[in-house]
Amino acid sequence: MKNYALLGRKLSHSYSKIIHEYLFQKFSWDASYSFWEMEENLVSQALKISKEKKLSGFNITVPYKESLFSQINILEDAAKNIGAINTIAIEKEQVIGYNTDCFGFQKMLEYFSIDVQNKKVIILGTGGASKAVAEALRREGANTILFVSRSPKEGQLSYSDTFDGDIIINTTPVGMYPYVEKSPIHKKILSNFKIAIDLVYNPKETKFLLEAKELGLMTINGLFMLVAQAIRSEEIWNHKTFDISLYYEVYSFLEGIVYENHDNSRS
C-alpha cells in the first residue's frame, strides 16, 4: 500500500481526503490518504518524519507552503518561480517539490472559459496561494498583475487604495466559513471589475462573491481549483496523465457533497 497525507494545521474541515479517496476507489489503487497536523515549531522535521511514516508523497496546505520550500533540493519549474510548494513526491531517496496550485488555477480558467490575455488583474493577498495564481496568470498572458497587501511593499497596493482592472482575485481566507460575514474589500471597489474569483469555496458564495454578483460581475469560487490541483498531485505520484473528463467528473462529485444541503460545516 502507498501512503499519502495532507500536511497542515487544523485539517478536520478539508475536502482533500474525499477527492483522493474517490480516485483510489475509482482506479482500485491500494493507497491511503490521511491528515497530518503539525505545529509550526516541528515543520523543520517534516521531511524526516515523512520518511518515518513511509509516505510516498504528501500535499502541503496553509500555513506551510513556503516553510518547506527551502528544505527541498529538487524543484519543478513552477515551484521555483513561485517560491512555494504544495506537493511532494518521495521516490526512493529522492524528494521532489511541486506546486500544483498554479496548474489548478490554470485548469479553472480553462473550465470557466476565462481569457486573461492582455488583462489587468488585481490579486488580494501576498501568501503562497497568491504567488501560484500570479504564476498561472503570467503563463496565460496577463498584461498587468498587481498585489494588494495589508503591509504593502514597493509596487504593491494597500487595501485603503482605490484600484481597478478586468479581474479581481481573493487569495486570502477572509470570508471563509465560519466568518462568512466578512469580505476583504469594500463593495464599491468591485464595481471597477468585470470578473471576481475567490479561492475560498466554503461557503459556495462568499460575501465577496455575493457583492460582486449584485454588481453584475461574473463570479467563480475555488472548488474547481481544489479538484484540479489534487488530481495533478495524483498524476505526479502515479506517473500518469488523466483526461480532462476526470476533472469534470470529480468536480461534479465534490460539488454535490459540498453544496447539496448548503452545508457550511467544512472548509
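For all residues, glycine too, the Cβ spot is worked out from N, Cα and C.
Just so you know, TrEMBL annotations are computer predictions that nobody has curated.
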Residue from ASN73, ASN86, ASN118 that TrEMBL also lists as binding shikimate with SER14, TYR15, SER16, THR61, ASP101, TYR201, GLN229: ASN86
Further binder of NADP(+) named by TrEMBL next to ASP77, LEU199, taken from the candidates GLY57, GLY97, GLY222: GLY222
Listed recorded positions LYS65, ASP77, GLY222, filtered to Cα within 10 Å of TYR201 (shikimate binding site): GLY222
Rounded inter-Cα distance in Å - GLY222 (NADP(+) binding site), THR61 (shikimate binding site): 14
Position of peak Cβ density within 10 Å, selected from the binding-site residues ASP77, ASP101: ASP101
Candidate recorded positions SER14, TYR15, LYS65, ASP101, GLN229, pick with smallest Cα gap to ASP77 (NADP(+) binding site): ASP101
